[in-house]
Amino acid sequence: MLNTPLPENRYFEGFYIFGIFTNKQGIYRVLTLPTNQGSYMIAITVELILFNKMPSSSSIQFLINNTYYGQIYSDESGLVKTDKLFLYWTDNRQSATYNDISYTNNVYHTLYLYANITDTFVIKIIGNFSDQNTGWGLRGCNVYSGYCPINCLKCEEKFNCLTCQNGYLKSKWGTCTQCLGSYQQKINSTHCLEDDDETNYSKYIIKEFIDLALDNETYPEYKLINANGSNFLKGEGIYYSVWNSAWRMFGGPFIWAQAKFSRNINIENPHYSITISFIVVFGPTFPDDGQFIFSLDGQIQIECTSYQQAEISIQHKQLHNTSNILIEIGCLGVNNEPISAYCGFYQHYITVHQCKPNCNSCSNDQNCLDQNYVDQSNTCQDNQFFNQFQLQCQNCPFSCMTCTSYQNCLTCKNTFTNPQQGCICTHNQYLEQEQCYNCPQNCNQCINQQKCTECVQGQFRKLFNNECICEDSYFEFELLCKKCILNCIKCSQETSCEICQTGYILSESGICIQQSNTYYQATLDKFLECPVSQLCNPCQQINTQCTCGDMIISGTEYCDDGNQIEFDGCHNCLFSCQIECTKCIQGICYECATRGWYLDISMPQNYVCKEVCLDGFVVGSEKCDDALQGTSICRNCQYYCRSDCLECNYANGKCVKCREGLIGENNYCKNQCGDGIKVYAPDIPFNEECDDGNLIDYDGCSRTCQFQCQNNSICDICQYNKCLHCVNKYQLNPSLNRCECAQSCQLCELITGKGCLQCKSGFKLIDNECFTICGDSMITSNEQCDDGNLEYGDGCHQCYYNCESQCLECIYGKCFKCISNYQVIHGRCQQIVDYYHYLNPTFIDTQIQQNEHTQQFYQFYQDYEYNIYLNRISLESLEQKILLHIQQNEIVYFTYLYANCNHSFFQTDLQITNYLTNQQNYLYSNCFSQTETCPLNCITLNKQEGSKINQIRDCYNQNLLISYYNSEYCYQNDFECLQNCPINCQICYQDSCILCQNGYYLHIINNSCHSICGDNLIMIEEFCDDGNNLMFDGCYQCQYQCQEQCIDCQYGKCSLCQQDYFLDIKIERCLDYTDCDELQGFYYNQSNNLCFTQCGDSIKAGDEQCDDGNNIEYDGCFQCLYSCNQYCIKCGQGDCEQCQIGYKKHNLDCIPDCGDGIILDNEQCDDGNSLLNDGCTNCKIDKGYKCQILDSKSFCFQCKSECSDCEFKNGQLLCLNCNKGYFFSFGQCLKCSEHCQECSNTPNNCTICIIQNCQKCHNKEGYYYDFDQKKCITKCGDGIMAGDEQCDDGNHLNQDGCNSKCFIEKGYNCILNQCNLKQEKIIQYFYPNSSTSNYLQIKSEFDFQNSCTKIKINVEFFQNNEFNYSLILIPVQINKTNQSESITQFHECQIQFNFFKTITEVNLIHLLIPITNNSSRNLEEEEDIKEIIITPKKQVYYNEAQKAQAQTVVSTSNQLTFLLQLIGPLTILFGGLNFFWTILDILTWINNFYFLNVDYPLNVKLFFQKLQWDDIFNIPEFISFNQPTDTYYFEAPPKFNEKNINPLLINNLQVFGCLIVLAILLYFITLVLIKIFEKKFNQKKQKRQGITVFTICYQETNIQTQEQQQQPKEPIQERLSKLPRFFDFIIRQSYEYKLTFLSKIISIINLLLLDIFMACILQLTCEKKEYNFMVTINNFLAILGLILILVMYKLFEFVSSKHYILLDHFIFQRKYLSLYDGIDFGNKIAKKYCYFNLIRKIAFIFSIVMLYEKPVLQTTFCCLSCFINQAFLLYQNPFNSRIGLIQTAIPDFCIFCIVLVSVLISIDDMTNFLSFDQKYNIGWFIITLIGLSILIQLIFLLIEFLQNLLTNLRGLKQMFCR
């Protein structure tokens, strides 16, 4: 269960961490690996922060798919360790405080592990912390591909690619390369071979021009042989250039055209061939007759020319075996020139294919031609691999048995497994001392024997405090977990319970009984409380009406929550979790290990699986998940559209509707360039500057909708792509910033300047311009009117408004007032006519039919009422075609009315509209402002109703017609109307309002006008109108209204708000106080209740584009706006994306681009490259160079060395002035002669001489000019001996006979400048034997007869009085080679030292030995003295008193030896042999103490040297092999030599052999005695076969054999009793010895076991000069000795395994009692002491010999073996008596103390921390311990002596008395 609250993202040290986790909290995550075969296992790195240090015994475990993979833990001491994890990095972190807990001791760890996982997996990180105030946080978890190289598609093993990605080939080393170099070749479709991969012994010796690096040491190696024509335009000595800005090239442009170079290369190691690879480069105009020539050792190998190829790759292999090679390269051709017809090469590799190691000559890498060659390239051992880089065998990792590399194991050593992961321990093992050990029983995984991490499944155990204990309801019994009694949760034994399960109580009898008022539910296996129900009550056995959903769990139900909601924990009365839940326990989800889901535990006991957003997987309710925060299409794992999108499809994140001018693109809107609508799209970075409705360039608006200059014939002034002035027929459009044709043009040409190509209707195209057409009845922008004719006075003439001459007031072609006798009819002046004669109806009807105007009126408006003042007619009354005709042709219609009033005709409005009122359609127009009534009731004019004219038919039928004469009053003031309409009515008819005034709406039923609330117009009835109907916005339903939070409201404006609200004075409203997050950069402004950003606080917030915390301009951010360098032309978010031409990006600035060939700002030059020292370095002119512009960039050059000033002209360098030593002649500087410092006109015309008097110095004689001293001098090293030179060997080397100053060095003879070393005589020194340090012997090839006594000796850090020495001449005879020669006597010298203080290795001894036999020579001359420096052996100085004490110890040792020699035979007579045997065993230990490689004090050293335990037997040395004169002679280590231990096995086994021989001899003697006795006393007897059965009872039948005698025994006993007491004793002891012979032999072997094992080890391990038969035999015997020891071990093991009854039987004891004598064999542990003691002895001797060179380890391991023995004795007494324990334990304790003190002395030998007196006193302590151990045995021995003596005396008394 992951019991953790929702983790928090905490900001810590600049990063966000996930945590803090405490106690047993943790986290898990489902991860899915991409399908990638290029990963060979995966590596998982985890970054953790441990807060307040990890408490002791705490841990953090890592599980993958619920499998333990390791942990980081703290042991009992608080030390942090890891198990199966790799700790990569550890660092301390700063203090922090979270949730009121201060974390001060915080540590950062980076851990990683490897796992063989290829698909989806679950990783869990679970803590186990014991302190609430400590915890941990997760900073990051990353998954990497494991061991695969880069660009690899699939791996076969770690770091070795099997298949490379497309475009890459596999190399020899298992990596992937593109194989494009000159030194590489594609050998097949998958592999690439480099030159040095050809053999195992191929090696690059030259790798040049492989990048832009400048190698100032390599280039001088190229020597110029000759040059013709023009070369080296950049200056003399500059032979390199840059190719393609990526390679430094030899030669190249301005360098190499007609020249030849050479280079000599030395090759050290023997070889058989070389491979040379490079790429040749030719200039673009390299001629066909030009050549590139490559030669080796004077032989041309390659000749090539360009053949239109700029580059040619060359790879040449040549047989070669000499120590040097001469390379010559030439660029030849008379037509070559250095600017564009040049040569060059780069990627120059030379590979040497060497012979095998130690081979001096070969034909290939396998065939060695050297006769003296010995193949030393042994094949690698099984546990090694061949390192191809170092060409040698190297050891595999300690866990690998075989491997191919250090990373890849093939097979594993014993206890290790899984070579794929590098041979590791199995999951139920742990690693310790390079071995895998099994975890403790019941533990599946562990760290060590004490700390378990996982228990074995199925054994009813759980992990608690690193141990596997029994689970609840189980108890421990004989290493198994047994079940407690029924319903018990905790018990210690099966019959008694301590704690019962829930629902049970513990009874007095110790069993668990059911609680009252509960019932048992079998599906849950627990008791539930009885329900209160009459329908379903399991407690009362009422189950008939129990149903799912009754909230009572019964029957087969597991739960019952009373609903049918799925996935709420209980569904259909069964536990139910979400499908995504992977660990559901009783309806509660504890784990969502499903990809894309996580467990939300924010609600206790209601854990649910939720989608993991930003994990890259779309699951559940997620619509998208691209694993990116705030991407352009997916936000919070849901599709969304940008702000400019009006309608979004959230199912796929597509915008389906945008603003006008924009189109949908994914989830945003973008400009549609070419739609003619210029619009800004805020969601994309592209903005339209213009949009002219097309995608044509150069028409002023480009195809990308950016301003663009037009042709000069259209726009003559254009700046920043915007036109400012147009020419000819074009006009400037300021909105598009371009030139266009006039508006009358339908098709305008905007690119070439042709003007208008097509005009609009009503215009005529003349010379590409549009002119209006007057008289076509179409009014254009240039016309006031166009009536289709050219008549004057009809209102329009020549397309301008015009009235007739009778008109007095003409407005827009309509006359409003005429002269006298004329009246205005339809805007025209017409003569007044008398109409009385028209009253006749017939006439009227006729006139109506005949009159043109009245006929039109009648036909058009018949059956319709017409308002002459509204002057409009319903469009619905017209036919559709007439309507379309009206709309399309904009025809102006007139309506006419034949009337008797002032205005006969009325012109309609130009605009025709539709209006509906009283279910009748009318046309409306203007109304008069005054009410007048005309007579005859035919026309009524008033303001309220307008003018109503009855149908003409009605007027006619009533004989009513308007009469002008009867209506003079009617027509004055131009028919003004009456105002009888409703209030606020604008137009009414017959007392009904037709149209209300603006701001009012018509209520048809009430015939009234009401104000419109919400139209933003405040009428008289309204207090306010804000255009909406929102409450609390100040105006609601056109009445003032404030917010509820307002206390004082004035005219909809709040002047006082409630508390906790802010009054915004500007909008006079109450607002909530704004919450501003200062951590996010928002600060509160009390004056306006707004959050404001503070520029300069380093927090980007609000509309700040950036905030860098400063006010520095051009640093990327200035005044919180992105700010780029002033030379930046494209700035993106503070980073300059594009600089002006000539500048480049550098950090955030635009700086001059040095190397682009453009000189800007402070650049002195720019030659278009970045080479150093080529004349223009970093755009500064190099010293000695001049630069000028050539081909738009700088060309820098050096004047020739003889020129002080020059110029580059016509492709050549011309000198202008000459340097000193040259004179100017015909444009060249020629050198003066060697006599002249300066000259003029000719070389010998000196103006200033170099040498005084112009003396000539002859170089051939060794004299040279010295211009400073102005004289001739000699030059040491020229090979000519001149002047004061003693020699001159042609070099300036010292130690070669002639030093750098041309003086002969000591020890050399020089003749004719050839110096040879004087023959030096070799002097050897040695110690006569390895055990002495006071004697030194020297010898040489010369005789010491005259030199020995003259030797001088000095000792470093010694005064002369602190040592002395004596010189002894030793004669040596040299045998004669033939009979005629006499024996020659030769002398060596021996030096005997006496030191008066301690001497160590730092006190070096200096011997000054005369090497001449001339006694007259002075020895102080250095050349006659040979100095030898000797490192002495350490020797401690002891004074006389200490030496006397040591001699006393020696004397005591001798007396002890004598005493033991005396006691030995007595023990045979008087008993106590076992104590004597113990003393011998002690002495064998003491004898081996001396072999500990420590510097014992003198007293102990002498004691050990003199006390030889085998001296007690005083057995002489019969044989003596392995002497210094023997050819096979070899020595033991020094300590062994000091005790005269010969390492040859046969020498060390003489005592053992003698004792065995004596035992066997004694055995035969006893057999003889028994035979004599039996022959004398034996009578005839019949034999009968019997079976001897081991019995417990012991009878006095010792002398009987297995064949029992028939005769009674009394006669023999009687005969024995009659013998003398002495013979009776002898016979009985003989029988006893015969029967116990095997036991005696075993006891001897056991006694000498230490010596036998040491002799075998010395024989096998000591270094031998050569092997012969004697050494082989002894090696074989040593192996037999080791086998004997193994047999002894098996024998001990055999005896220890037997039953104590058998061990107690007399027959078994006769054979093996010596192996367990004194042992309590009834005790199993005590019996093991038998072979345990044997192992201790073997370990002791093994440590002494094998660890001799490491004294501290030697003594430590010896001490450890002794300590284990002491621990055994303290733990268990193995002996059958306390005396036996004391007899053994005290000596063993003394031995342990002595070895422990020896450890202290070994440390002192390294550190010298003990004083001399302290060390000497330690010696006495050791001697005391030795004496104590022997004294104890002697005391017991004397006691047994006395007891046996008394017994024997009583026996003698009886014998004599008898």
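Backbone N, Cα and C atoms are what each Cβ position is placed from, and that goes for glycine too.
TrEMBL has this to say about the protein:
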DOMAIN    147-177  domain 'EGF-like'
DOMAIN    480-513  domain 'EGF-like'
DOMAIN    576-625  domain 'EGF-like'
DOMAIN    636-670  domain 'EGF-like'
DOMAIN    740-771  domain 'EGF-like'
DOMAIN    976-1010  domain 'EGF-like'
DOMAIN    1198-1230  domain 'EGF-like'
TRANSMEM  1549-1573  transmembrane segment
TRANSMEM  1637-1661  transmembrane segment
TRANSMEM  1667-1689  transmembrane segment
TRANSMEM  1729-1748  transmembrane segment
TRANSMEM  1754-1773  transmembrane segment
TRANSMEM  1785-1803  transmembrane segment
TRANSMEM  1818-1842  transmembrane segment
Candidate ranges 147-177, 576-625, 1198-1230 - greatest C-beta contact count to the domain 'EGF-like' (636-670) (under 8 angstroms): 576-625
Same-chain residues near the transmembrane segment (1785-1803), Cβ under 8 Å, at least 6 residues beyond its ends: 1478, 1481-1482, 1485, 1489, 1492-1496, 1751-1752, 1754-1756, 1758-1759, 1762-1763, 1765-1766, 1769, 1809-1810, 1815, 1818, 1821-1822, 1825-1826, 1828-1829, 1832-1833
DSSP helix/strand/coil residue counts for the domain 'EGF-like' (636-670): 0 helix, 19 strand, 16 coil
Average pLDDT across the domain 'EGF-like' (976-1010), rounded to a whole number: 74
Helix, strand and coil residues within the domain 'EGF-like' (147-177) as assigned by DSSP: 0 helix, 15 strand, 16 coil
Helix, strand and coil totals (DSSP H, G, I; E, B; other) for the domain 'EGF-like' (576-625): 0 helix, 16 strand, 34 coil
